[in-house]
Amino acid sequence: MVVGGEGCCPTMDLLRSEPMQLVQLIIPMESAHRTISYLGDLGLFQFKDLNVEKSPFQRTYAIQIKRCGEMARKLRFLKEQMTKAGFTPSTRTPMGSNINLDELEVKLGELEAELAEMNTNTEKLQRSYNELLEYKLVLQKAGEFFHSAQNSATAQQKELEEHAHGERSIDSPLLLEQEAFADPSKQVKLGFVSGLVAREKSMAFERFLFRATRGNVFLKQVVVENPVTDPVSGTKVEKNVFVIFYSGERAKNKILKICDAFGANRYPFTDDIGKQYEMITEVSGKLSELKTTVDVGQLHRANLLQTIGYEFDQWNLLVKKEKFIYHTLNMLSIDVTKKCLVGKGWCPVYATSQIQNQLHRATLDSNSQVGAIFQVLHTTELPPTYFRTNKFTSAFQDIVDAYGVAKYQEVNPGVFTIVTFPFLFAVMFGDWGHGICLLLATLYFILREKKLSSQKLGDIMEMTFGGRYVIMMMALFSIYTGFIYNEFFSVPFEIFGRSAYGCRDLSCRDATTIGLIKVRNAYPFGVDPKWHGTRSELPFLNSLKMKMSILLGVAQMNLGIILSYFNGKFFKNDVNVWHQFVPQMIFLNSLFGYLSLLIIVKWCTGSQADLYHVMIYMFLSPTDDLGENQLFIGQKYLQLLLVSLALVAVPWMLFPKPFLLKKQHEERHRGQLYAMLDSTDDSFELETHDHSHGHEEFEFSEVFVHQLIHTIEFVLGAVSNTASYLRLWALSLAHSELSSVFYDKVLLLAMGFNNIIILVVGIVVFIFATVGVLLVMETLSAFLHALRLHWVEFQNKFYEGDGYKFSPFSFGLICEDED
């Protein structure tokens, strides 16, 4: 989030945080709301909570916040209804729709009640409609069953009558004859229950009926072809129509309880065919009427939700602003006269006139007789840290802030990160073909940033879009280092001229290293194409990357120590400057600065000296002759001097500082150290110096142990951090080798088959491998390693990062908060 606009000079804005001041505001009650609102529009004032001891319910504006919370609940209800109906709030601003909070509260209450009533009526109508649909299915399916059964019974009756009037056989069953001619009044009459049950429960339903009635029921089920909407749940369910025949009230009660247990919907049914047709006709008519009623209600509801959608964003923003304002007003204290509010907070010094203008404007617009008072306070409290960033520098600053927010006026690594971070990434990722692909992907986000910034992207896309300028710089530096390495998808090209090497004779025509001699001037820019041969025989490129990693690492660590000097000078801590900065520079450069010098001399002279041997025996046998490893005259004596300085630097870092701090502590308590509190800067410097010591007794042993740990950490860190920079070489080598494997074993291999299908498959595999592995995974890997080099190897030399960020009261933050 960019707060307070863009700085005119990004690097100067980022080098030191903005000068801050503690301000007291005395605001009349009648203009308090408008004043806070105008300050929220400006977004350059951070209020301090003066009512920390009070709970949220004890504060002055608790009722107003509760009221805004209730309105926010109603707005969430409206949004849920729009989402269910498939509507989204309109982004266009309605004309002439200015509405105050009181009117909006009434309107939201009316809309909520109206929608709730419409939902209830629609739910009832929809349930009735679904019940009628199921009832119609029961009438149709069960009617077919009864009609079939009646036809079968009629046929059997005719057959019995024929047997009764015809000749009787000696084998004719007597029981059949008795049943046929028995008294109808003495026959047993069966009852039945009809309805629908979920198909997935039908088998269990049947088994349970059989066991509960001991088989004294007859169940008939018919499958419904299409899923039906269940009236209770409102979801689509596959169901079966059932008819259960039983005898006796006891069996009926059991059947009804089992139907309820299985969620079966029961519907009345008659065995009279004539009445069945009448009931189907009646149900069909009611369905048609209900359908019309439901459609009219849905149309009215859709029109209402669409009208709400036009003004929803404006209403939502108004409620959030009001809630934000009252939360801020609750941070202010009420004057004893109860006629004004008193607030304190931080603001940048440059914003003084802007804030005063807003206070004056609020007084005029509120018709207040008394204006607000703006008063600067002097304090020893640590101010918040505020950097004026823009859309380009904000992503780099976020990289630093992820490690820790800079202390007030501390040297900010963000300035250097703008260059060093993408460059170290490019050292590992150097390939101008991959760099162009990365640049094209980033340009898409940059060219469409206005459109994409107003859309909701996924987490990964949101992160990529936020770092688009970081990725652009990484891509540009990768193209540059790719030209230096002369690698285009790992393939060297003679872009800037012909190679300086040629064959000694025709026998080495296909050679890459053996038999080559220098036949022309050196390749004008970057690595000679022939240097991409066997690295064990011509170790130029591999050696270049490894030694360049050491040079870059030593340079960046020296920069970190130099920046610690500027931090020390700002805080006027001469103990740190002379007993930390100086010995650290001596120790680091006596070892690894000297190694860097040897690397450069070896490159310039073309010597074959073994630098590993030189550095090892510089400590083990410093007085021995160097022999063939000597690079310049007087090298042995220089090495003796550097070893001596490195050995002296360690106790220099360890011993003087604890004794000097003890001396300063004693002088302070004897009254020999005083400071004038004439300026905010001086008071802050005194506070930061006293913060670590306070008024407690000076513990020399604790200070000494702390300094011992710090010294050991620096000495070991100087070695481990330098070795850590070799990851630049390792990642670059891995990237080059992976790219070479994909090119040789996929693309060239596919071209060698002289088959169009294999060629197409090979190209597709090569593209996916390049994008997935080299442009995604390798990019992420190099990014994380560059991040580690900045956080651990660079920033720990000078950056404390224990400050806290300037968080002004700003309505611009509401857009990012979707609570």
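Cβ from N, Cα, C; glycine included.
Note that TrEMBL annotation is computational and uncurated.
Within the listed segments 101-128, 157-184, 269-296, 353-380, TrEMBL records coiled coil for the stretch 101-128.
Taken together, the residues of the coiled coil (101-128) have an average pLDDT of 90. Against the transmembrane segment (586-603), stretch 548-566 has more CB pairs under 8 A than any other of 423-447, 548-566, 746-777. For the coiled coil (101-128), the residues of the chain that approach it from at least six positions outside its boundaries are 67, 71, 74-75, 77-78, 81, 231-232, 234, 290, 293-294, 297-298, 300-301, 304, 308, 315, 318-319, 322, judged by C-beta separation under 8 angstroms. Away from its own ends, the transmembrane segment (746-777) comes close to residues 431, 434, 437-438, 441, 489, 735, 738-739 of its chain (Cβ-Cβ under 8 Å, at least six residues beyond either end).
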